[in-house]
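TrEMBL lists 3-81, 88-169 with the feature domain 'Ig-like'. The domain 'Caspase family p20' annotation in TrEMBL covers 181-305. Feature annotation from TrEMBL assigns region 'Disordered' to 550-627. The annotation compositional bias 'Low complexity' is assigned in TrEMBL to 580-600. Residues or ranges marked as compositional bias 'Acidic residues' by TrEMBL: 601-610.
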Amino acid sequence: MQEAITITEQPVSVSVPVGYSFTLRCRAQGRTSLQYQWFCQYQSDCCLVPGGTNQDLPIIAEQTQLYTCRVNDLHRNAVFSDWVKVCPLGCGKENQEQRVEVGQPLQLQCAAMGVPAPSYQWYRNGNLLEQQKRKKLWITHTKISDSGTYLCCVSNSHGEHWTNAVDVHIGTCGSGKFFATGKIALLVGNNRYQHHPNLMAPVRDVFELRRLLEHLGFQVVSLLDLNKAEMATAVSQFLQLLGKGVYAIFYYAGHGYEHLGRNYMVPVDAPQPYAPENCISVQRILQKMQQQQTALNIILLDTCRKWYNPGLALSQVQPLEPWGNTVYGYSTSEDAEAYELQDGEFSSGIFMKYLKKHILQEKKVTHMLEDVLEDIGRDPLVTGKQVMEIKHTLKEARALTDPICPSGAAAEHWGHGQELPSRTVTFPCGARVQLRFLRLFSNLMFVCARPQPPLAHVTDPQLLLHQLAETDDVAIQRESCLDHVETLLASVYKREELDCVFQLCALQKIQTDVVLQLDLHYTQPGTKQRTCESLQTTLQKSLLRQFFSQRDDSQRAPARPGSVCPQGGLGLGTDPKGQGSLSTGSGRSLPSSSPSNFSSEPEENDESDLGELCLALNQAGLGQDRP
């Protein structure tokens, strides 16, 4: 038997802004004419809505209330619609990065508006949180494992949207106002050039800066003598590890120049004359760094900034995003040289001489660089020749000494990577020798051999390390070896640990496993005869050149699920038919979870017809400059 009254259109719950005018609808069919009456409930009180006697009920959302509609016919039959909720929401604020002490509560809220009212689902580090399906995420007692990047997916029958990500850090991060989710640095020093004068200072400057940055908690990759392709690879690997909240430093020492408003770094294989297509654009690197939503981006450029073709109009340099997190530290001013100082066996750049004096200071990074600038300005050797320049948009008092509070996502190892463990070999005579593998730079390693006591069966032992075959790798090693680097090694390790040392450099160029032969020359106690015994050891190329090896996709952070909404708050919109839908406001979108690819190709307006670089003469008391 047909029901006396059938509701054909139920009212729907809505989430709308405070003060928003909206209409609740109810439709029904019956065998006689029908009458409608709306009721509302606030807290525990349920009452009739005055004037609410039509199919449509106009309302202004002022407070959260429940509504239902009673439908009756002339025979006193009556039915009630579903109860629906009208939930007014303020504009609110987007969730900000949060720091929470272990054991304290955490609350995140997603203010979404839509018709029908949306449902919620929270995620952490891309993983669905089964119990978090409300607009408020609440964790009563936080643990370290609750750290991570949180997102909320908001959906109704018209579609879904994703909030911006919010990073949550659980732990004890000190009382400072600012902190980093990680500290990453890439240092490049080019010394030995194929078509340009060699330099002396970059090798020492990179070495000393690496040690200072590691003291500040940075994970550092330091590389020497890279060609263009290797520089592009290094930058690409560097960019892949940057993320929200990271402090990032890129330092370059070597030949360079300035052209049409851009700064260029000169790889070791760049031909004469300099041209943008053979060099690496500094501005392009900084733009890529910004795209990773880092908290602090620092470019330290220890190179000359001489102008070329200054008569041409300046080309347009794509502006950086106005995020207030960028610092440029130039070792010299525009159209000027950067100089090296002779210091015993090594040279040191003027810029690094004073940077290492101040870099550990616990102050805003721009203030620290200003101290460096003032010291360089007082140095009589470079008065009128070199003065540092600082450009920045840093709006917060962030310092290199700020603590690190990891985001909770799996950290990727940067810096020395997998260190080769020491190994002990035993010769037929019974003598034992320990082999240690010491990296001074990420692409330069020393293999050190040292006899282990006791040596009862031999006297006057002497060790010799060398590579066996005359391969292409061996030839490259011989050409790439740097003079005086053992002096740096001796500044870190005790002299007795360095009895026998073999230098492996340009590790990024190695194509095959390295086979080393260790010769032990000794005198037999009984016969007094000199004897030689030999052993071989193999070093896998994958460990030697690991930084330049292809990254394993399985080690990358998982992609965030779904599409990402550009705005944390979801606003109300209507389609042409007047039906409700979920919509978003304007704002900046989250970066892609795919790796950042860096291209060293020249930008659109770069010119390739450049004049040849002219080297300045050495000045009294000064070493070679860095054009």
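Any Cβ shown, glycine's included, is placed from N, Cα and C.
Mean pLDDT across the domain 'Ig-like' (88-169) comes to 81 in this model. Helix, strand and coil counts from DSSP across the domain 'Ig-like' (88-169) read 3 helix, 40 strand, 39 coil. Per-class residue totals from DSSP over the domain 'Caspase family p20' (181-305), listed helix then strand then coil: 40 helix, 39 strand, 46 coil. Under DSSP, residues within the domain 'Ig-like' (3-81) fall into helix, strand and coil as 0 helix, 48 strand, 31 coil.
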